[in-house]
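Colleague: Pasting in a structure now, in structure tokens, and then I'll have a few things to ask.
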Amino acid sequence: MTLTNLDAIVVGAGFSGILAVYRLRKLGFRVQGFERQERLGGVWRENAYPGAAVDSLFPFYQFYDAELLQDWEWGEQFPTRAEMLRYFDHVDKRWEISASFEFGVSVSAARYSETTQRWTVTLEDGRRAEARWFIPAVGFSSVLNIPRIPGMSRFRGAIYHTAKWPHDAVSMRGKRVAVIGTGPSGVQIIQSVGKIAKAMTIFQQSPCLTLRKYGSPNQTATALCMRPDDHREALRLGLQTSNGFGYVPRDQDTLDVPIEERNHFYQQRYLAGGWAFWMAGFRDLCQNIQANRDAYDFWARRTRARIGDVTKRELLVPQIPSFAFGIKRPCLEEDLYEIMDQPHVKIIDISNQQIELITETSIRVHGQTVECEAIIFATGFGDEASGLRSLHIRGRNGIRLEDAWSDGVESHLGMAIHSFPNMFFLYGPQCPTLLVNSPAVITVQVEWLCEIISKCQQAGICQLEATSKSHCQWEKKMSLLWDKTLYHTHARKSKKTAEANKEEKTWVGGLILYRRELENCLANNLEGFQAWYVEETALL
């Protein structure tokens, strides 16, 4: 059976998929969404591990529609997974989004036909759906990163990944637990499980740089008392800042400020909680290595004072940083270091010598054996393109996305790809995923997407494809910004980009400049795209 009476197919029911379906449907387009989980929520439906919560500044982690707040009140400054799922249920009630989604089904392939100028999406059960426009909204947190460690299948205890936490997971209370990874999910699970585990061993690839989650109690109370109009104004202002959170960096270079004044400013930003120290610090934090080290040294002094164990102190907060401060998104914490300083918690550095083996009851590393009853992988996800690659997409002439990106990701505006007409991916590689509030990025992308599709319909455009030249131009624009920062000092490389000696660059110019690029494309006659009109294709 093939579902054919569609204008657009959306894959994924997280923030981007929900908003795309809602906005396109409002414009009168016939839209069908597919989601592998049983309900709306995206990563929040899947990430059910203990301690899972939002770490973004309040009130910016929500849909930018204050009307949703007429009968909704946030109960937490940093909403837990449970509250986020209630929020998605509320959105569904107001927008009736589930009516346009089929749940519990995965997409196994997607292919473009030059004959029909339509996409055919194949589902895992063999059914198909066809539409003019194909919109993968799978983000970059959909394919798990699980290290291949010999002996995993022999382990007699429980093995979990934070992004695939089962509803029937055993309690960690009184257990000997191993946590592999100290990224955002690792930081959250260490704080929750560390309080109840009999013993916890943390396997650390690199030290996590963290910031205080909360500022003053008054700050929390004020945030939760915001009215719908207050939210509307905050969200409006957020879209006018580079990071989408309303944070504005101090318009001075670090070393131009006397040291006493500098430290006083650092203290204010540090105590403000959230990402104020990172996003509202001096403007050259991520451009100047000396300025960056100055900020790190202040943070390290404050943080090292919280750790009594000398060995742990050097592992967790080394005097010389492993990488520049802020080029990896800082995690937010409440009592992380106090928990890791406890005698029942052990930290093992695996930066130079990886885990050797998992046995029936233990993990072997550095010639020692760590007995455990549960292993938690807090190892995150694949690279930013892994979600798109997992859909097995084929474009013009049957070209596979994996082959088109064999030497690394290439795109136009971080949304479109040459040889893949009428396909726009949302919140994926080469858009502002690193430094900007995700709902803000998604908001401007979906606004632009709706304008593009509407313009094509009005103009009689049946095929719209990014040019190969636009890839080069976007790469050049990204590089001009990227090379001025410290991000290149710790750039991630996938296996493919490492072989090609290419960095996995992304857009680090922030939201305002990115939005301007999208607007310029529209204003300049769909710059970077080639269009085919109905009359032209009829002659082919």
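Backbone N, Cα and C define each Cβ position, glycine as well.
Positions annotated as FAD binding site by Swiss-Prot, on the basis of similarity to another entry: Val43, Trp44, Arg45, Glu46, Asp55, Ser56, Leu57, Phe58. The NADP(+) binding site annotation in Swiss-Prot covers Ala53, Val54, Asp55, Thr182, Gly183, Pro184, Ser185, Gly186, Val187, Gln188, Gln205, Ser206, and the record cites similarity to another entry as its basis. Taken from Swiss-Prot, the feature site 'Transition state stabilizer' applies to Arg329, supported by similarity to another entry.
Walk me through the surroundings of each of these features.
Modeller: Long-range Cβ contacts of Ser56 (FAD binding site) within its own chain (separation 6+, distance under 8 Å): Phe78, Phe245, Asn437, Ser438. Ser56 (FAD binding site) falls outside any helix or strand according to DSSP and counts as coil.
Neighbour list (Gln205 (NADP(+) binding site), Cβ cut-off 8 Å, at least 6 residues apart, same chain): Gly181, Thr182, Ile350, Ser351.
Secondary structure at Arg329 (site 'Transition state stabilizer'), taken from DSSP and collapsed to helix, strand or coil, is coil.
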Colleague: In angstrom units, rounded to an integer, how far apart are the Cα atoms of Glu46 (FAD binding site) and Arg329 (site 'Transition state stabilizer')?
Modeller: 21
Colleague: Same-chain residues six or more away whose CB lies under 8 A from the CB of Asp55 (FAD binding site)?
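Modeller: Counting only residues 6 or more apart in sequence, the Cβ neighbours of Asp55 (FAD binding site) under 8 Å are Phe78, Pro184, Lys213, Cys331, Leu332.
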Colleague: Tell me, how many other CB atoms lie within 10 A of the CB of Val43 (FAD binding site), whichever protein chain they belong to?
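Modeller: For Val43 (FAD binding site), the count of other Cβ atoms within 10 Å is 19.
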Colleague: For Arg329 (site 'Transition state stabilizer'), which of the listed binding-site residues (Val43, Trp44, Leu57, Val187) have their CA atom within 10 A of its CA?
Modeller: none
Colleague: Within 10 Å of the Cβ of Val187 (NADP(+) binding site), how many other Cβ atoms can be counted across all chains shown?
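Modeller: Counting Cβ neighbours of Val187 (NADP(+) binding site) within 10 Å gives 23.
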